[in-house]
Amino acid sequence: MMQSSNQTKKLIQRLGKVAVLMGGVAAERDVSLRSGAAILEALKSEGVEAVGCDVTSVAQLVEIAQKYDRAFIALHGRWGEDGGVQAVLDSLALPYTGSGMTASALAMDKLRTKWLWKGVGLPTPAFKVVSSSSPLDVENFDLTFPVIVKPSHEGSSIGMRKVDTLDVLQEAVDFAQQYDSEILIEQWVTGREFTCAVLDGEALPMIQLKTDHDFYDFDAKYQSNTTEYLCPCGLAAEEEKRIQALVLQAFDAVGARHWGRVDLMLDDQSQPWLIEINTVPGMTDHSLVPMAAKAVDLSFSKLVLKLVSLTLP
């Protein structure tokens with residue numbers, strides 16, 4: 001339900017000064033700056049007193065906590081999305097958007113997220129782990145090809161490669177290890193790719209992703225003009241509801257809050273497979289959460305206002 005202009009004015013007064021945290025030190029810095037700029041513009045268009053802050057240190061966060069009433073976290077990747085910034089803001093008692101420290105750290109760790117989902121009986125593709133203490137054992141590798149190799153802690157599909165044969169598996173692992181010491185080798189799922197945004201405890205309409213790339217990689221996400229986004233997603237209403245319920249289970253299992261996005265595959269037998277969860281989704285012109293929000297008549301600026309309002313007691 002739309003708020004009256006009077007209610008909106010009161011909300012904006014309660015929000016006070018908002019710091020939009022962007023940039024950071026991760027591989028996704030450029031994407032974060034783009035997300036942050038869009039969020040900042042949206043907040044200002046709604047009349048919120050907001051300032052963009054390119055944060056790269058704890059000292060900056062301490063200063064921000066002294067000047068602002070709350071923070072909108074638009075930091076992607078390590079430090080900003082992995083619980084580090086959240087822990088500092090908790091210690092400074094500065095309210096912030098998105099998941100808390102523990103859920104953020106867990107969601108950023110693809111491997112431990114999959115262990116958790118598997119432990120509570122949620123479907124996720126079979127996988128192997130490669131690390132310094134557990135190197136790749138080519139002789140006893142028992143996943144069926146193709147597989148996808150990915151760093152456990154990077155976002156935006158950075159460091160990922162699809163591998164079709166055993167002879168090039170080590171090369172893909174070496175590539176992924178440029179980004180992380182812990183590598184996930186996951187069973188490839190043939191089927192359709194979907195994402196489902198979660199906003200304030202509700203699953204938004206699902207989006208089907210169609211790309212001419214092997215998978216929805218960095219280029220398909222942020223640069224390609226050939227990537228298609230289908231919303232409505234093309235599923236029957238009952239099937240979409242069933243998968244949305246699974247998404248909420250996956251989101252809640254991690255302990256996430258406020259908002260996020262769960263990526264999944266639907267195989268040729270219509271079995272959904274959970275791939276990963278993102279607790280600070282992109283908010284650029286190519287981004288998926290704003291697209292899903294638009295499908296329920298929530299504009300970009302109203303979505304941003306809704307998210308920052310979730311930091312209020």
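Every residue, even glycine, has its Cβ placed from backbone N, Cα and C.
Listed in TrEMBL:
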{"type": "ACT_SITE", "residues": "Glu28", "note": "active site"}
{"type": "DOMAIN", "residues": "114-309", "note": "domain 'ATP-grasp'"}
{"type": "ACT_SITE", "residues": "Ser156", "note": "active site"}
{"type": "BINDING", "residues": "Asp263, Glu276", "note": "Mg(2+) 1 binding site"}
{"type": "BINDING", "residues": "Glu276, Asn278", "note": "Mg(2+) 2 binding site"}
{"type": "ACT_SITE", "residues": "Ser287", "note": "active site"}
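Annotated features, which come from TrEMBL, shown on the structure.
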residue: Glu28; record: active site; DSSP class: coil
residue: Asp263; record: Mg(2+) 1 binding site; DSSP class: strand
residue: Glu276; record: Mg(2+) 1 binding site; DSSP class: strand
residue: Ser287; record: active site; DSSP class: coil
Please determine which of the recorded positions listed here (Glu28, Asp263, Glu276) has the lowest count of neighbouring CB atoms within 10 Å.
Asp263
Listed recorded positions are Glu28, Asn278, Ser287; which of them have CA atoms within 10 A of the CA of Asp263 (Mg(2+) 1 binding site)?
Asn278
When a 10 Å sphere is centred on the Cβ of Ser287 (active site), how many other Cβ atoms does it contain?
21
Around the Cβ of Asn278 (Mg(2+) 2 binding site), other Cβ atoms within 10 Å, all chains included, total 22
